[in-house]
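Feature annotation from Swiss-Prot assigns active site, proton acceptor to TYR140, LYS178; the stated evidence is sequence analysis. Taken from Swiss-Prot, the feature NADP(+) binding site covers 10-11, 31-32, LYS38, LYS53, 75-79, ASN92, LYS144, VAL170, LYS178, and the record attributes it to sequence analysis. Summarising the annotation, Swiss-Prot assigns substrate binding site to ASN169, SER180, HIS187, PHE201, GLU202, GLY203, SER204, ARG209, TYR272.
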Amino acid sequence: MIIVTGGAGFIGSNIIKALNDKGITDILVVDNLKDGTKFANLVDLNIADYMDKEDFLIQLMAGEEFGEIEAIFHEGACSSTTEWDGKYMMDNNYQYSKEVLHYCLEHEIPFLYASSAATYGGRTSDFIESREYEQPLNVYGYSKFLFDEYVRQILPEANSQIVGFRYFNVYGPREGHKGSMASVAFHLNTQLNNGETPKLFEGSDGFKRDFVYVGDVAAVNLWFWENGVSGIFNLGTGRAESFQAVADAALAFHKKDSLEYIPFPEKLKGRYQAFTQADLTNLRAAGYDKPFKTVAEGVAEYMAWLNRN
């Protein structure tokens, strides 16, 4: 059996899709379906069982067995960069992750988990997986950073696989439940389908991020599991492309050409990553050599999926 925490969420459900594509269906999904709309991410997938995240944690801490587990993909977390309840964030993203990690170590189960590029904070260069480059801007980024630091202490002595992925700006299918935290591509598509003029922040040609397609993210997760590599790795494309490029790709799909530029919100100033670009040196050195979709390629594929579903 494979366990995917956050399996009804964005990246988790895409990992399940990738597993299904390999004929793997003996999957336990762990999540919180209080937001019932997330069920839609699972309806076309094949899984063996579902468990609430709190029930899973209770069983885990009690040392209960779940049968033979081949791997745990730990994608479950609060991923809102605008959430400032630090206790909630640390309980969800730090303490919970420690419990799952120690269960995996005790049972020698491969543990693959979601870290984040938010660990780097507001820097504009050298996005490198090393302490001197890490200074998160928000409590979400801090929760991810602190767990990475915890993992670094354990990695040298670990007898089973531990691998963390610092996701950059992931976009693609199955993110609709995220609301305001969904990607710019998702929001532009919604606006275009509603007959609105799509909106971007002023200066969006200068805001550049490493936009990575979720199908590529799932592929990297599976490759590392299959190859047993441990460590903490950036997971982006290695390219920084502008929000304007995302909009251009969405407009091209919809055969439109007009955009409205709106003022940048005061509340985001100083708490916003204006530039991200993954350094893929360590990822490539680990042996992952497949290409990543460009914004033009990924957004076109995503637009086709959104307007088919």
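Note: Cβ is positioned from N, Cα and C throughout, glycine not excepted.
For the binding site of substrate, formed by ASN169, SER180, HIS187, PHE201, GLU202, GLY203, SER204, ARG209, TYR272 according to the record, the largest Cα to Cα distance is 20 Å, rounded to a whole number. According to DSSP, HIS187 (substrate binding site) sits within a helical segment. Taking all protein chains in view, 22 other C-beta atoms sit within 10 angstroms of the C-beta of SER79 (NADP(+) binding site).
Counting only same-chain residues at least 6 apart in sequence, those with a Cβ under 8 Å from the Cβ of PHE10 (NADP(+) binding site) are ASN41, SER79, VAL170, ARG174, GLU175, HIS177, LYS178, VAL214. Here the recorded positions are LYS38, LYS144, LYS178; the one with the fewest Cβ atoms within 10 Å of its Cβ is LYS178. Taking only the Cα positions, the spacing between HIS187 (substrate binding site) and LYS38 (NADP(+) binding site) is 18 angstrom. Taking a C-beta cut-off of under 8 angstroms and a sequence separation of 6 or more, ASN169 (substrate binding site) has the following same-chain neighbours: ALA117, SER183, ARG209, ASP210, PHE211, VAL212, GLY236, THR276.
Fewest other C-beta atoms within 10 angstroms, among the recorded positions TYR140, TYR272, are seen around TYR272.
Taking the C-alpha positions, the distance from TYR272 (substrate binding site) to ASP31 (NADP(+) binding site) comes to 28 Å. Least crowded of the binding-site residues (ASP31, GLU75, GLU202), judged by neighbouring Cβ atoms within 10 Å of its own Cβ: GLU202. According to its DSSP assignment, ASP31 (NADP(+) binding site) is in a strand. The highest number of surrounding Cβ atoms within 10 Å, among the binding-site residues HIS187, SER204, is found at SER204. Taking the C-alpha positions, the distance from LYS38 (NADP(+) binding site) to GLU202 (substrate binding site) comes to 32 Å. Reduced to three states, the DSSP call for PHE10 (NADP(+) binding site) is helix. Secondary structure at ALA77 (NADP(+) binding site), taken from DSSP and collapsed to helix, strand or coil, is coil.
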